[in-house]
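Q: Below are the structure tokens for one structure; questions will follow.
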Amino acid sequence: KSSHLPKLVPVALCWKAGERSFSIDYKNNCFLRDGKPFQYISGSIHYSRVPRYYWKDRLTKMYMTGLNAIQVYVPWNLHEPVQGTYTFEGDRDLEHFLNLANQTGLFVILRPGPYICAEWDMGGLPAWLLQNPNITLRSADSDYLQAVSNWLAVLLTKMRPWLYQNGGNIITVQVENEYGSYFACDYNYMRHLRTMFRAFLGEDAVLFTTDGNTDKELLCGTLQGLYATIDFGTDTNVTTAFSRLRKFEPYGPLVNSEFYTGWLDHWGDQHASVDTQKVSRMLSDMLSLGANVNMYMFEGGTNFGYWNGADHDTQFRPVVTSYDYNAPLSEAGDPTDKLLAIREVIKNFRDIPLGPIPPASAKMAYGFVNLQKIGNISGLLDTLSPQGPVRSQNLLTFEEMKQSYGFMLYRTLLPRDLPHAISLISPVNGIHDRAYVSVNGVYQGVMERDITLAVNVMGRRADQLDILVENMGRVDFGSKINDQKGLLGNLILGSDVLSDWLIYSLDIDGAIQSGWPQSMRKDIHLFSETDGGEESGPTVYSGTLQLPGPAHDTFIKFNGWMKGQVWINGVNLGRYWPQRGPQQTLYVPGPLLSSSVPNNITILELERAPQHRRVLFMDRPQLSKTTYVFLCTASVTCSTNLRPDY
């Protein structure tokens, strides 16, 4: 096996006649499209993180930058949320997305998993798999393989007509994802996937693997019959990385399947950034070698709802709501200086479309919205858990309750008088992931996975102990992706092991999508900012935003709020946590808003609401903690100011 880097092959040597086809020329180290040499310059975009209304806009901007391909993950859990129930409509309409890419002139590198990582909940694997506590994910485990086979039979059947050789725009298809970084290293599993992909996509489909830049990862992640590619960013030597790849794939085109233009943020991190000059310089170096490059990410988007994933190395670290990624297109789809620099590089290697890149979309600062308290979660259970509780002597997980995401409430009674503060403890670090503790409706404090395993509690015998547990997103990478949620193991209060639980599955999203809480009354009056004080514990607030004109993209800021979830017009925008940071605002897509009727805003604040009980709609994002905030006057104008408050 050769470890030398191939030289860029002249076009004349890399040609053969043929019908519509896409293949690998191992002799001349290149891809062939219709018998002619082909080099792709691609960018990653996740349809699951961009509103459907904006798909065409983002794809057009990518095409006008000079890309000739996009790379797309398919999250299994997005399309099979309940076992055996498949959904491909609306924002999940994968074939519509592929069609838009085709109309735009972009080829597609498809990454259907079944595991995708992507900083997405559980790496795209559906949480219902964990209802089997003994399952070994990403392995030849028979239960796992059966679920995978059922899913791939549905997905790959849909994808086959979209292959390039069948008239579509999919040129290559990845099998699994970075499997070499997983502990199992199960070749029988990879062979099973290879057999399935071949059976459904045919022998002519170009199938590939992607792995990190180490021998160990490439050893476990590659398999004969699947073309090996590598991923690395600007902190890596190009020659060294491609030389390592050549040890496993001696001939054929060089491919960097994930060239990192930026990086993700976890709650508590500094906002990540990658230097534009380093990105453009390394991109030029790789293209000069004739390499095929996919930039990860090109448009990051948003982890709407509960879709963010998490890492777990030394401790559990959930990913923030924004997936801006410091990418060439911002979270809101706006071109950046990084995009313009990349475009200048691409000009040196291929003809790019004439004309300007579409500009940034209009943004609007709509000003303040005052919110009214609806009620404490403990007092809203008839609405949020209409099916009532499950009684259990022992604690049950989300998975045992057949709930995948969101929140559950655990209720029991204090076993004795506690005139002085006594510690409520999770001795096995079983808080997955945050627990908000109240006694008779009085907030006691928060417990947090790997960080705060005890909270002091006071009360009298038979007082009601409520523990609201938040699933902060499942681990998406590494050996701990079998990440069960809820309260795992016993809770101990002093010398007592708590038991006899009422466990409520909360369907907050369902209630809000049905019109609650605005439907509670004909007219909800806005809360006066002079009324009341700070209130603690999980509480729902509501208000309305009336637009003064057309709907535009905006950003909602939570100054003084602690942590929670926000919905607008029934759509779950995601989590806010300004106290932990770095993210301070959430992206609100304009198409979500109405210019003709009031827009309903619902907030679940989990810890403590500010006395002013208002949020601010701004015309720009704030993805890092900074002394700068944007002061709004009236309802539509903003100005920069150094004041740390409103």
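Each residue, glycine too, has its Cβ placed from N, Cα and C.
Sharing the feature lines straight out of TrEMBL:
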ACT_SITE  Glu178  active site, proton donor
ACT_SITE  Glu258  active site, nucleophile
DOMAIN    31-348  domain 'Glycoside hydrolase 35 catalytic'
DOMAIN    396-507  domain 'Beta-galactosidase 1-like first all-beta'
DOMAIN    538-595  domain 'Beta-galactosidase galactose-binding'
Q: Would you mind checking how many other C-beta atoms are within 10 angstroms of the C-beta on Glu178 (active site, proton donor)?
A: 22
Q: Going along the chain, which residues six or more apart from Glu258 (active site, nucleophile) have their CB under 8 A from its CB?
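A: Set apart from Glu258 (active site, nucleophile) by at least 6 residues yet with Cβ under 8 Å, we have Ser44, Thr210, Asp231, Phe232, Asn294, Tyr296.
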Q: Within the domain 'Beta-galactosidase galactose-binding' (538-595) only, compute the mean pLDDT.
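A: Residues in the domain 'Beta-galactosidase galactose-binding' (538-595) carry a mean pLDDT of 98 in this prediction.
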